[in-house]
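Undergrad: Structure provided below as structure tokens; questions to follow.
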């Protein structure tokens, strides 16, 4: 009952040999783009007769299309669903043999579906190009399908062509029937060995060879020390299969001509799941679709809503009962649970399951967290030193001594009274906890710590690159983004001189050249660049405006609370706490807004490749979020209290509202409060709400939606969901940018203002211990499996970290010199003190003011003091007294302190920079043992090639002699002499059979 020229589909049964598609035999394209030019399009034919099951016999045998290709080679009938219980694995096609390497998902919708009365079934056979027709079920009436709307029809056609092109590339596909009025369909993709081998050679994927060699260890002392460390840390090691650190296989880029070099024991398992999905993803990215305006790749089709999702499958369920184990379940048990927070991360298993890019992120996060341990210990010691010496601090004792009657000027006009400095005793004592000589040395330590962290990360990166065979990998060719292609297409259509068809054909023909040439000039991009520049300036101005708004709130609130006697005593605490909370809420809200704005701004730039898009997005998001997070902190550190003026000549923001000034103990304590609340609040709220709460709500919503669809599909489907159904309900993977950004901002909190908050590394460490397991749980249980991406480093993030490390030196120098009292105390102790101590320091920093010179209307309305005030002292101001020739001008002490501050900044910056460069020079980027092993591996690889070629030639010569053994000697000698051979200088035999090898 088949039309002439049709090939019957032979179903794959367990144990039966596989039938290869003719497309898989064409292997000379080396993984080039696949498009309509690869397909032969014969004239369409009428459908074949129906078989006993009510389906077209062609569809039962693999479904032929007008293009003449069997796109779906395992087609399921919804009337007779395959029982999931009878399946050997939910990771395979329904033949239980071919592994599902990738899944495409889309949602379909039909119109005008009417089932005739008494219809025995609901299975609708839909031919591959999306056309609908009449379907007669056995013993039932005809089922008429209404016409599809134009948009759905076009999407069907584009999906159909794309799937044809995937088949032309050699992939094998399977999907279910579209048997309902609407629903989701999953296209399962399997890559046979021939496709894997071809693409592995094209992508230059390194695979293990037969050769194993011993990794050279250090001396006897190093061996003993390493063994001792391993023994002591054994309870902290995860219980996962470990890669041997003593032996390693030589790896070499895959080549089909050198199959004898590789350790191929079984073809089905030679490439792991991550590599198989990566290969399929590369084919999906460069497969074209002419009906979709010659768009290139699955990303374009997803952007145009042709498909909803494309993802590789997880290795089964992570919480399945029983003893069956897979990599995902193992990762969950030994890594992605809070109960194993004390264990090391199984970095090799993470890399194997998620790929090198994600493996490097978790390796970096683990190293950063471990480096926070020594800095946390030093920070705690510095804090404890401040606690231990608080009773010995002479300036705070003088401030707390009520016998020193330092009468201070009013803090506000009219309603505020004169006050005694001893009332600020608590603030002064608390400031000493963070403003002491130990914080200076801690700042130097943290600057060197940042340098050592980056240097050790470079070394760890090289070590991982060696063991993961990332050394020498080339940058992979990147394809243009869909938005870039659309922009180029619009530009071509606007140009004159060519017809539309000619332009599009030329654009399609020059696609290869486009990979190396940017077809959009600066004139095309100028509007986007202008919008970026204006928008970023506007966002930064918006951030500064909000900071200024909070300043106004502090000033007006302080003035309002000062009017009431009941609230007057707690004005400073109330205003500071509420202002910091407002700042925190604004920062969290603007963080989300700025992330979306940065993405939008990067889109209108129209970057060509995904890597360029990601780098520009990271730079914009980092700039906006950095300004957003640190603007209030910079204000308190360097601007608050600097523009107050003096009694009788105050600076007013609005009529009657004076600029705010620092607390009597200085601004450092308030800076510490601001930094701690913003840092802790940002981490806790982002971790608990944005990283846990929001994904949980999304997951709950998708679960309810999936349960509704499962009820429509039937009880059997809901009882035994397939792995692709389970993965489809997970959150899509959106990249590592949010994870890196959170840690980079935290790195800034730890390094930039550490002089004011030595406990910042402690809170960062506590957060990161949770963050590692939180991210791990998210990747294992809540996200679809990401595509494995090979990369040698963490990219632009390292440059940002290095920049923050250098910037932190300057910031800490100014915090110590300008914000703290470290420099004024040194100047007083060594220049003005009579006995070389700090006795009299407080009095030295206070200036006198004649209260009779206060402006009219600003004097206190009523004074609670029992004595008349003639002079009041101004805290922290070096000015001439009112009886001096130049009253209220800056004194000599002011200029001495200012010059000392500037000198300290210069000396501190140069000293720390020199020490950082020295540490950088002393720690080599590449460990010595890794450098030696890389050289040894190259030498071993050459020797291995020569040996294998020699054995190959020797085996060929022996086979030739055996085949000629039955003939006469003369003919045998003549036949033997016809095989030219020569002996190299090294004694190896090289024949014509091996001359293609280039060592």
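The backbone N, Cα and C atoms fix where each Cβ goes, and this holds for glycine too.
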Undergrad: Quick one: sort out which of 504-528, 529-553, 654-678, 679-703 is the transmembrane segment according to TrEMBL.
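TA: Checked against TrEMBL: transmembrane segment maps to 529-553.
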Undergrad: Write down the single range among 719-742, 743-766, 767-790 that appears in TrEMBL as transmembrane segment.
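TA: It is 743-766 that TrEMBL describes as transmembrane segment.
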Undergrad: Mean pLDDT across the domain 'Anoctamin dimerisation' (93-347), rounded to an integer, is what?
TA: 77
Undergrad: Mind checking which residues of the chain, 6+ beyond the ends of the transmembrane segment (617-638), have their Cβ under 8 Å from one of its Cβ atoms?
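TA: Contacts with the transmembrane segment (617-638): 532, 536, 539-540, 543-544, 547, 550-551, 580, 583, 587, 590-591, 594-595, 597-599, 601-602, 667, 670-671, 674-675, 678, 682, 737, 740-741, 744-745, 748, 752-753, 756, 796-797, 800, 814-815, 818-819.
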Undergrad: So, taking each listed stretch (529-553, 573-597, 743-766) in turn and counting its Cβ pairs to the transmembrane segment (438-454) that are under 8 angstroms, which one gives the highest count?
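TA: Between the candidates 529-553, 573-597, 743-766, the best contact partner of the transmembrane segment (438-454) is 743-766.
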Undergrad: For the transmembrane segment (529-553), find every same-chain residue at least 6 residues outside the stretch whose CB is under 8 Å from a CB in it, and list them.
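TA: Distal contacts: 579, 582-583, 586, 590, 594, 597, 601, 604-605, 620, 623-624, 627-628, 631-632, 635, 653-654, 657, 660.
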